[in-house]
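In what follows, a single structure is set out as structure tokens and then discussed.
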Amino acid sequence: MAIIYLILLFTAVRGDQICIGYHANNSTETVDTILERNVTVTHAKDILEKTHNGKLCKLNGIPPLELGDCSIAGWLLGNPECDRLLSVPEWSYIMEKENPRNGLCYPGNFNDYEELKHLLSSVKHFEKVKILPKDRWTQHTTTGGSQACAVSGNPSFFRNMVWLTEKESNYPVAKGSYNNTSGEQMLIIWGVHHPIDEKEQRTLYQNVGTYVSVGTSTLNKRSTPEIATRPKVNGLGSRMEFSWTLLDMWDTITFESTGNLIAPEYGFKISKRGSSGIMKTEGTLENCETKCQTPLGAINTTLPFHNVHPLTIGECPKYVKSEKLVLATGLRNVPQIES
């Protein structure tokens, strides 16, 4: 049928030339291409969104997790100033200030911290699970605290952790394990205390030359405390070093220590995964909803590209750095007379 149609078409045409294409018009609209500037076209349509509403909104009806003056570390460890975050509902994304003041109240560091933040970009809810109850450590003192983490003027400590110290001038080997039967991966955090001198070491743990050993089917980590003189931070010359791991389903994590162990009381079951992220912002949640959020504000558009901010969460156009992006159609506007 197609062959017959073409034959009929050609037999119906009179003249010595057939032109198939757009009809040139008198448009003066020009665009810049990768190879050439000021190319004249018949039509150009803007396909780049440049605006936002300046607000932090719920994403598809789900509010973000507002950390306020707390950092990621302060939230997960349980800084006493972050008590409102001890139990949090599902979040769409996380709002963290550039320099939150409530992080590690007891000075130190958090190993692989950026990797932990990257993990949070695919998590939308944690369920706290008590894995090593405080009262299981019957041969050790579990009320260790510091004025650096004070509550109402009294020494305190990270709510989700247990600082094990000597009991009745004795520190026997501390052993504890947890088998993950939760049905999901679990985030486990622990710490090692690094005293300022040997006197502090003996006062807290009786023993010297101590170790902290942590093991799973994929992890074998043994740490020894580093006793050293350091500048004081929050009034302390000693430090705490925190580490984390993901415990797979049905795997077991085991702790063994002769001193300096900061044991986890709680683990964090990853109860819901999904696209999330951490928005670095000084803003607060407003009464609005969106499908696409950036740290600068929400985007509401049907255009395929935007240049608002490289970090987006939700159903968003593709980010480009360009200041202008258009879709050009039609032939170059150069009218020509054909005989």
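The chain as shown is numbered from 1 upward.
Using the three backbone atoms N, Cα and C, a Cβ is placed for every residue, glycine included.
Given the structure is predicted, the values throughout are model-derived calculations rather than measurements.
Marked as signal peptide by Swiss-Prot on the basis of sequence analysis: 1-15.
The feature topological domain 'Extracellular' is assigned by Swiss-Prot to 16-339.
Swiss-Prot lists Asn25 (among others) with the feature N-linked glycosylation site, giving sequence analysis as the kind of evidence.
Per Swiss-Prot, the feature N-linked glycosylation site maps to Asn26 (among others); the stated evidence is sequence analysis.
Secondary structure at Asn38 (N-linked glycosylation site), taken from DSSP and collapsed to helix, strand or coil, is coil. In the shown protein chains, 8 other C-beta atoms lie within 10 A of the C-beta of Asn38 (N-linked glycosylation site). Taken from Swiss-Prot, the feature N-linked glycosylation site applies to Asn38 (among others).
The annotation disulfide bond is assigned in Swiss-Prot to Cys57-Cys288 (among others). For Cys288 (disulfide bond), applying a Cβ distance below 8 Å and a minimum sequence separation of six or more within one chain yields Asn53, Lys55, Cys57, Lys58, Ala298.
Per Swiss-Prot, disulfide bond is recorded for Cys70-Cys82 (among others), and the stated evidence type is similarity to another entry. Counting every protein chain shown, 23 other Cβ atoms lie within 10 Å of the Cβ of Cys70 (disulfide bond). A strand conformation is recorded for Cys70 (disulfide bond) in the three-state DSSP classification.
Summarising the annotation, Swiss-Prot assigns disulfide bond to Cys105-Cys149 (among others). Cys105 (disulfide bond) is surrounded by 25 other CB atoms, counting those within 10 A of its CB over all protein chains shown.
Of all the Cβ atoms in the protein chains shown, 12 others lie within 10 Å of the Cβ of Asn179 (N-linked glycosylation site). Under the heading N-linked glycosylation site, Swiss-Prot lists Asn179 (among others), citing sequence analysis as support.
Residues within less than 8 Å, Cβ to Cβ, of Asn180 (N-linked glycosylation site) and separated from it by at least 6 positions along the same chain comprise Met186, Leu247, Asp248, Met249, Trp250, Asp251, Thr252, Ile253, Gly267. Under the heading N-linked glycosylation site, Swiss-Prot lists Asn180 (among others), citing sequence analysis as support.
Under the three-state DSSP scheme, Cys316 (disulfide bond) falls in the coil class. Positions annotated as disulfide bond by Swiss-Prot: Cys292-Cys316 (among others).
The N-linked glycosylation site annotation in Swiss-Prot covers Asn300 (among others), and the record cites sequence analysis as its basis. DSSP assigns Asn300 (N-linked glycosylation site) to coil in the three-state reduction, outside any helix or strand. Remark: Asn300 (N-linked glycosylation site) has Asn53, Thr290, Lys291, Cys292 as non-local neighbours, by Cβ distance under 8 Å and separation of at least 6 in sequence.
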Separation of alpha carbons, Cys105 (disulfide bond) and Cys316 (disulfide bond) (Å): 38
Spatial separation of Cys105 (disulfide bond) from Asn38 (N-linked glycosylation site) - C-alpha basis, Å: 59
Cα separation, Asn179 (N-linked glycosylation site) to Cys82 (disulfide bond) (Å, whole number): 28
Rounded Cα-Cα span from Cys70 (disulfide bond) to Cys105 (disulfide bond), Å: 11
